Amino acid sequence: MNILQNLKDSDPVISNFINSEKNRQETHLELIASENFASIAVMQAQGSVLTNKYAEGLPQKRYYGGCEFVDEIEELAINRAKKLFNANWANVQPHSGAQANAAVFLSLLKPGDTIMGMDLSHGGHLTHGSPVNMSGKWFNAVHYGVNKETSELNFDEIREIALETKPKLIICGYSAYPRTIDFESFRNIADEVGAFLMADIAHIAGLVASKLHPNPIPYCDVVTTTTHKTLRGPRGGLILCKDAEFGKKFDKSVFPGTQGGPLEHIIAAKAVAFGEALQPDFVNYSQQVIKNAKVLASTLINRGINIVSGGTDNHIVLLDLRSINMTGKIADLLVSEVNITANKNTVPFDPESPFVTSGLRLGTAALTTRGFNENAFEEVGEIIADRLLNPNDSLIESQCKERVLSLCNSFPLYEGKLEASIK
């Protein structure tokens with residue numbers, strides 16, 4: 001084995017698969033709400049020699065030698081994260097959002113304690129108390145949902161559930177909720193019942209960082225997030241607190257509580273992404289993400305397709321396909337046939353199973369990174385509507401795919417610079 005070989009020479013099979021995935025990303029419209037395109041700089045950091053370094057512990061408090069440079073990098077990542085979110089404490093080591101949530105649970109809860117989060121079928125997340133997840137197996141999970149008429153949070157109902165169940169922890173922040181979250185109202189409810197309040201802002205972190213969505217830091221005891229999605233970094237997790245002393249308890253819950261060695265190459269990539277998000281043009285990007293989502297939603301509404309809650313305040317557009325007598329499973333297949341990548345998703349009060357669903361979840365973060373503007377997203381909406389409203393028309397299917405490829409050619413991914421960056 002020669003460690004100096006390039007990937008294409010060392011393992012051509014894997015190299016070919018990576019190239020195939022690169023081609024898929026270039027020739028498809030990426031509308032999965034939890035995905036984005038990381039910068040070349042972020043990918044260079046996570047593909048660096050830092051992958052070789054073990055660094056258990058925290059900066060300046062390691063269990064291994066040779067950590068002087070990764071200490072500098074991790075401290076920079078911490079400081080940038082704190083500045084970005086106006087927090088007084090941060091841990092950048094969680095491998096994922098799920099790991100970040102697990103560390104919070106380990107710090108604040110004991111098995112059997114009651115936690116309260118949004119029902120998964122209403123837009124919650126597996127790690128917020130779903131019975132198939134550790135959070136629903138180890139804790140007594142109770143759930144709140146949205147109003148049946150508006151599909152928005154009903155704080156009177158949330159308060160009633162909290163008063164009745166007395167949760168130890170209340171979780172806000174969601175995977176399929178397109179409206180602004182009122183963190184102050186959650187704080188008031190948490191204080192009334194003596195609960196900790198955690199915000200999981202995995203989907204909206206980039207919008208929060210850009211001050212286009214209220215910041216949960218002033219209201220929540222702890223905030224978790226992923227570092228990809230709207231934040232446009234590497235796949236990873238992050239924990240934040242306004243109270244530095246309170247935050248320190250989560251350090252031990254990350255290591256050694258739920259993880260071993262941190263991934264210093266990913267932490268470097270997080271630092272790069274945080275640095276990018278601190279630049280003024282990232283705010284412009286985030287503003288465009290929201291503008292594009294609003295145009296996408298209104299275009300679909302004008303074509304007779306219902307949108308959950310009637311629109312969006314963030315990057316998520318959730319289609320309720322019952323309005324056109326279609327399931328999410330079928331819609332997902334139909335758009336995939338014309339090179340559009342999305343995902344079937346439950347909608348509030350969904351009569352279908354999670355394997356079928358009545359919804360299709362779309363997100364605008366990735367294509368906005370690619371340069372799509374309102375005009376382009378109006379065309380995206382028209383293509384989706386044409387495909388869904390004419391599922392058996394092969395001519396329209398062919399035309400939709402041609403229009404998708406035309407858009408992809410108009411907004412090239414990485415502008416052809418990716419090959420040069422990885423040689």
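Even glycines carry a Cβ here, placed using N, Cα and C.
Its Cβ placed at the centre, S353 ((6S)-5,6,7,8-tetrahydrofolate binding site) has 11 other Cβ atoms within 10 Å. Annotation source Swiss-Prot lists (6S)-5,6,7,8-tetrahydrofolate binding site at L120, G124, H125, L126, S353, P354, F355.
Under a cutoff of 8 A between CB atoms, and with a sequence separation of 6+ in the same chain, the neighbours of K229 (N6-(pyridoxal phosphate)lysine) are A33, S34, E35, N36, A202, H203, A205, G206, A365. Annotation note: K229 (N6-(pyridoxal phosphate)lysine) sits in a helical segment as assigned by DSSP. Annotated N6-(pyridoxal phosphate)lysine per Swiss-Prot: K229, in sequence order.
Annotated site 'Plays an important role in substrate specificity' per Swiss-Prot: H228, in sequence order. Taking Cβ-Cβ distances under 8 Å and a sequence gap of 6 or more within the same chain, the neighbours of H228 (site 'Plays an important role in substrate specificity') are S34, E35, N36, A38, P234, R235, G236.
Of all residue pairs in the (6S)-5,6,7,8-tetrahydrofolate-binding list (L120, G124, H125, L126, S353, P354, F355), the one with the greatest Cα separation is 16 Å apart.
Sequence-distant neighbours of P354 ((6S)-5,6,7,8-tetrahydrofolate binding site) (same chain, 6+ apart, CB under 8 A from its CB) are L120, S121, T346.
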